Amino acid sequence: MDKKELFDTVINLEEQIGSLYRQLGDLKQHIGEMIEENHHLQLENKHLRKRLDDTTQQIEKFKADKKESKTQKTEQTDIGEGYDNLARLYQEGFHICNVHYGSVRKEDCLFCLSFLNKK
């Protein structure tokens with residue numbers, strides 16, 4: 001190998017090393033950007049999961065409250081409807097007390113009246 005070929009080989013190696021160095025720098029920068037993006041995505045994911053949990057808890061609480069109020073309304077409505085039916089039967093002339101239930105009444109019954117006055 002003469003000096004010129006040796007010099008050309010060294011220049012070629014130097015260019016290859018420079019190219020590899022630039023590629024390594026680009027790769028390092030790209031990895032840094034990916035790590036930063038990953039960190040931001042992890043934070044966003046954490047916040048979204050917390051928000052989802054909070055929203056889910058609020059929805060469950062709302063459903064429970066709604067179910068409870070519906071149950072209370074139903075109980076109140078049922079009690080009111082039963083009372084109204086018994087009052088209607090009494091007005092139509094039937095006993096609603098446990099002593100003479102369903103029989104025709106000729107005059108006011110103290111048992112029936114005491115039952116109607118309960119709340």
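Positions of Cβ are set from backbone N, Cα and C atoms, glycine also.
If you look up Swiss-Prot, you'll see His95, Cys97, Cys109, Cys112 marked as Zn(2+) binding site. Among the features that Swiss-Prot reports, coiled coil is placed at 1-62, with the record citing experimental evidence. Annotation comment: Swiss-Prot describes Thr71 as phosphothreonine, evidence class experimental evidence.
The candidate set comprises the binding-site residues Cys97, Cys109, Cys112. Of these, Cys112 has the most other Cβ atoms within 10 Å. Sequence-distant neighbours of His95 (Zn(2+) binding site): residues of the same chain at least 6 apart with a C-beta under 8 Å from its C-beta are Tyr101, Gly102, Ser103, Val104, Arg105, Cys109, Phe111, Cys112.
Neighbours of the Zn(2+) site: apart from His95, Cys97, Cys109, Cys112, residues of the same chain with C-beta atoms within 8 angstroms of the site's C-beta centroid are Tyr90, Ile96, Val99, His100, Tyr101, Arg105, Leu110, Phe111, Leu113, Phe115.
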